[in-house]
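Student: I am attaching a structure below and will ask some questions about it afterwards.
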Amino acid sequence: MFERNRYTIDQIDPEVFAAIQQENQRQEDHIELIASENYTSPAVMAAQGSQLTNKYAEGYPGKRYYGGCEYVDVVEQLAIDRVKQLFGAEAANVQPNSGSQANQGVFFAMLKPGDTIMGMSLAEGGHLTHGMALNMSGKWFNVVSYGLNAQEDIDYDALEALAQEKKPKLIIAGASAFALRIDFERIAKVAKAVGAYFMVDMAHYAGLIAAGVYPNPVPHADFVTTTTHKSLRGPRGGVILMKAEHEKAINSAIFPGIQGGPLMHVIAGKAVAFKEAQSPTFKAYQEQVVKNARAMAETLMARGLRIVSGRTESHVMLVDLRAKSITGKEAEKVLGDAHITVNKNAIPNDPEKPFVTSGIRLGSPAMTTRGFKEGEAVKVAHLIADVLDNPHDEANIAAVRAKVAELTKQFPVYA
């Protein structure tokens with residue numbers, strides 16, 4: 001028997017408890033600008049920390065390989081119904097443990113080793129699961145990549161020509177470092193013309209799409225994959241949305257194809273997050289995410305920094321640091337010293353190595369969750385520019401850190 005007041009983390013494992021407390025304090029004290037990170041609600045965290053973690057539930061609602069699944073069936077069906085409604089999908093699988101596994105589920109269901117796939121080049125903003133040589137997708141399939149034009153938008157004409165030439169089995173849209181709107185309808189027409197399946201990885205944009213502030217790929221794609229964290233602000237996990245005709249193949253690919261028992265406590269967190277995402281406050285939040293990103297980008301450009309593509313139309317932006325004679329790796333470090341958390345990121349045709357880079361990627365979802373609006377976004381952009389103007393001046397770093405502390409104290413994550 002477990003007595004709740006005796007089996008607490010601080011009593012059982014002080015080392016882990018201390019690390020959790022320190023991470024909690026870091027999240028409160030630092031301004032989080034990593035585009036793929038966000039803060040979940042206490043309700044989502046409570047679902048993830050529930051007794052559902054104890055339950056094995058191989059299979060799907062109403063068709064399990066274990067007994068005692070009547071209540072986890074309720075939870076999973078709620079998650080399925082809510083995410084379908086949220087995005088207007090015909091069918092959904094909420095069991096993938098990550099966005100990468102959601103992508104793998106589509107590959108496993110619809111492709112054979114050696115098939116040709118088309119995805120956005122990682123070097124120009126794509127994701128490693130879309131065909132990077134070291135990733136499973138790059139090892140199992142023949143990969144052809146599309147990229148950007150001179151204006152640093154997707155080169156749709158070149159994409160179409162490449163698809164006509166290579167006749168891929170699957171075309172993938174979606175990115176991890178691309179700030180503009182993606183024309184999903186146009187790519188869908190290309191896929192149809194060459195007889196390819198069309199998959200969209202909307203992991204970065206899912207929250208914006210749910211709120212209607214970014215184009216929805218669901219009406220145009222055979223498959224739409226996503227993570228459930230990032231802009232969607234749920235637990236770490238994945239989802240596959242699909243046309244009804246593909247539901248059986250996808251479900252079989254996830255279980256028993258690439259996964260065993262689903263993580264029911266995480267699926268509960270997904271269900272809660274999907275309900276939160278249906279609220280008017282979530283729509284207002286996503287509208288503010290876009291406003292804050294735009295305010296940051298405009299301020300950084302006014303301070304002499306180049307934004308890749310010249311603007312942002314979403315939550316994310318890439319900052320070209322070459323004019324400041326500082327690498328992405330160095331910028332990540334000095335901004336971190338100032339309690340501003342970013343990640344180094346390659347820019348298109350980056351001359352630096354992947355672990356060095358010439359840029360940083362910034363995103364507005366987490367700071368917007370804190371309650372930041374345009375005024376704070378402008379302040380944050382100025383603080384970033386202040387650090388990058390004098391990256392080795394300790395007094396400058398300390399001054400910025402003090403201003404960050406004022407903002408984070410005014411806008412706590414968890415009040």
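Positions of Cβ are set from backbone N, Cα and C atoms, glycine also.
Annotated (6S)-5,6,7,8-tetrahydrofolate binding site per Swiss-Prot: Leu122, Gly126, His127, Leu128, in sequence order, evidence recorded as sequence analysis. Annotated N6-(pyridoxal phosphate)lysine per Swiss-Prot: Lys230, in sequence order, evidence recorded as sequence analysis. The feature site 'Plays an important role in substrate specificity' is assigned by Swiss-Prot to His229.
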Student: Roughly how many Å lie between the Cα atoms of His229 (site 'Plays an important role in substrate specificity') and His127 ((6S)-5,6,7,8-tetrahydrofolate binding site), rounded to a whole value?
Tutor: 16
Student: Counting Cβ atoms within 10 Å across all protein chains shown, which of the binding-site residues Leu122, Leu128 comes out on top?
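Tutor: Compared across Leu122, Leu128, the most Cβ atoms within 10 Å surround Leu122.
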Student: Indicate the candidate from His127, His229, Lys230 with the smallest number of other Cβ atoms within 10 Å of its Cβ, considering only these recorded positions.
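Tutor: Comparing Cβ neighbours within 10 Å for the recorded positions His127, His229, Lys230, His127 has the fewest.
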Student: In whole Å, how far does the CA atom of His127 ((6S)-5,6,7,8-tetrahydrofolate binding site) lie from that of the residue listed as 'N6-(pyridoxal phosphate)lysine'?
Tutor: 15
Student: Quick check for the class: what is the C-alpha distance, in angstrom and rounded, between Leu128 ((6S)-5,6,7,8-tetrahydrofolate binding site) and Lys230 (N6-(pyridoxal phosphate)lysine)?
Tutor: 17
Student: For Gly126 ((6S)-5,6,7,8-tetrahydrofolate binding site), what residues in its own chain, 6 or more apart in sequence, show a Cβ-Cβ distance under 8 Å?
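Tutor: Those within reach of Gly126 ((6S)-5,6,7,8-tetrahydrofolate binding site), by Cβ under 8 Å and sequence separation of 6 or more, are Gly119, Met120, Ser145, Gly174, Ala175, Ser176, Phe178.
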